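J.: The structure follows.
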Amino acid sequence: MAIHFSWHQGSLFLVFCFLGFLSFPADAAVKKYQFDIQVKNVSRLCHAKPIVTVNGMFPGPTIYVREGDKVLVNVTNYAQYNVSIHWHGLKQFRNGWADGPAYITQCPIKTGHSYTYNFQVMGQRGTLWWHAHILWLRATVYGAIVIMPKEGTPFPFPQPYSEANIVLGEWWNSDIETMVNQANKLGLPPPTSDAHTINGKPGPLFPCSEKHTFAMEVESGKTYLLRIVNAALNDELFFAIAGHNMTVVEIDAVYTKPFTTQALLIAPGQTTNVLIKADRSPSRYFMAARPFIDAPIPVDNKTVTAILQYKGIPNTILPTLPQLPAPNDTNFALSYNSKLKSLNTPQFPANVPLQVDRHLFYTISLGQNPCPSCQNGTQLTASLNNITFVMPKVGLLQAHYSNINGVFRTDFPDRPFAQFNYTGAPLTANLGTSLGTRLSKLAFNSTIELVLQDTNLLTVESHPFHLHGYNFFVVGTGIGNFDPKKDPAKFNLIDPPERNTVGVPTGGWTAIRFRADNPGVWFMHCHLELHTMWGLKMAFVVENGKSPEESVLPPPEDLPPC
């Protein structure tokens with residue numbers, strides 16, 4: 001496996017790694033990384049602008065670890081913004097202090113300060129990712145996490161000849177934080193992105209992109225593993241490679257029953273690993289991605305491309321484009337997601353909770369609240385069970401751990417206050433939401449079933465939901481209103497997909513189950529940055545168990561102060 005990093009981060013890193021390997025057994029190395037948050041001028045689409053980066057790289061460096069490794073990432077903030085980093089999909093057992101969402105598990109790292117994220121990778125292997133978790137900084141501050149299996153443990157699929165990371169992102173020509181601030185003053189959404197990117201590059205369908213095209217060279221007859229991450233802020237994406245089938249073998253760092261597809265669908269926050277075989281006539285082929293959108297909302301609908309190039313083929317050969325599903329192909333989306341199933345073998349079991357201790361039902365809605373200074377006298381908001389989450393000024397985990405009163409309440413309702421026809425005709429009256437920092441308290445080791453229900457307040461829309469600190473099983477999904485009498489009979493309780501981020505379909509519902517065995521405060525939010533900003537988020541307080549081994553670890557000494 002080739003690891004590329006620049007010399008200034010590499011030299012120290014190699015010394016650290018060498019020391020780590022000297023002093024620890026092979027199954028528990030210490031991996032140390034230095035993340036310098038720096039502003040750097042970057043040019044795309046004929047536009048140059050200063051962006052926030054890690055170590056001057058866009059996207060940021062890939063973190064390579066083995067299952068069982070201890071990881072230390074020292075983040076030093078040289079940018080003008082407060083910052084925090086989230087290790088998306090890492091379970092952080094009892095260790096919310098390393099999870100990263102600003103004002104949930106920590107206060108942000110202020111300019112000129114440092115914080116070391118200290119965590120162990122246990123019981124997980126595959127592809128995850130990291131990103132800034134404050135403001136819209138994850139537009140440029142993100143990178144992949146590659147977790148290799150323990151030494152001597154093979155993949156449960158054919159060993160690939162080589163592998164590559166395919167990180168899908170978005171690019172704005174203007175400064176995104178400035179645009180977001182202006183939009184918030186007007187009470188409206190900011191402009192959609194100017195391009196999508198693959199590994200930070202928009203590809204040759206965009207101006208000034210000759211240098212900004214990702215290309216991957218392959219050899220005929222060899223099999224490759226692609227680790228695909230959707231780091232876009234607001235778009236679910238289709239992805240395909242001209243002339244080549246893909247075999248899906250993993251989602252969100254959990255192995256799946258392999259299946260072959262010509263295109264895949266990946267929501268913001270999700271990862272998908274696929275095998276491709278270089279078995280076509282040697283030439284150049286486009287990889288391409290563009291949004292899936294089956295709701296009447298504005299979207300950046302342009303296509304990003306990268307190149308799959310067979311060895312020895314000259315660059316003068318024009319690549320062919322793949323057939324991507326139509327942008328509003330709901331049937332493809334539902335069919336694709338229905339094929340995702342856990343491996344469920346003795347080595348990789350699917351431990352689906354069969355008995356449920358607590359049933360939760362959360363409605364997802366857009367709304368409008370009065371805003372005298374805004375353009376229309378109102379501002380757009382979003383809510384779960386009609387509650388728009390208000391960010392605290394103190395980290396919620398700190399408030400919970402130290403029993404600080406007045407920071408949050410634990411009365412988030414298990415179901416909406418009022419029942420209605422959630423996905424019927426569009427509702428445009430009574431769009432006000434209630435504001436509050438309200439959390440839901442879960443008993444340690446209790447089993448939870450949560451049904452997330454989209455609603456047609458203003459409009460229906462697809463929402464990718466991410467739960468921090470946990471994987472969950474996606475036991476059911478459907479279009480229309482969830483029927484508690486009929487729908488549970490159709491749940492898959494044998495081999496449902498296990499993930500950390502799930503798409504709730506437009507005008508539909510998704511049911512997930514998990515065991516609340518990780519104590520702490522864990523954020524749950526829509527991974528569309530726009531909706532998170534508008535309040536489409538909440539958090540669970542998972543109580544400690546009976547023993548110290550089932551309780552939140554004490555906070556680290558360098559935890560950033562508020």
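Using the three backbone atoms N, Cα and C, a Cβ is placed for every residue, glycine included.
Sharing the record's features from TrEMBL:
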- 1-28: signal peptide (SIGNAL)
- 37-151: domain 'Plastocyanin-like' (DOMAIN)
- 166-312: domain 'Plastocyanin-like' (DOMAIN)
- 430-545: domain 'Plastocyanin-like' (DOMAIN)
J.: Sort the residues of the domain 'Plastocyanin-like' (430-545) into helix, strand and coil with DSSP and give the three counts.
T.: 9 helix, 56 strand, 51 coil
J.: Under the DSSP assignment, what numbers of helix, strand and coil residues are found in the domain 'Plastocyanin-like' (166-312)?
T.: 11 helix, 69 strand, 67 coil
J.: Can you give me the average pLDDT across the domain 'Plastocyanin-like' (166-312), rounded to a whole number?
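T.: For the domain 'Plastocyanin-like' (166-312), the model's average pLDDT rounds to 97.
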J.: Could you put numbers on the helix, strand and coil content of the domain 'Plastocyanin-like' (37-151), residue by residue per DSSP?
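T.: Taking the domain 'Plastocyanin-like' (37-151) as a whole: 6 helix, 58 strand, 51 coil.
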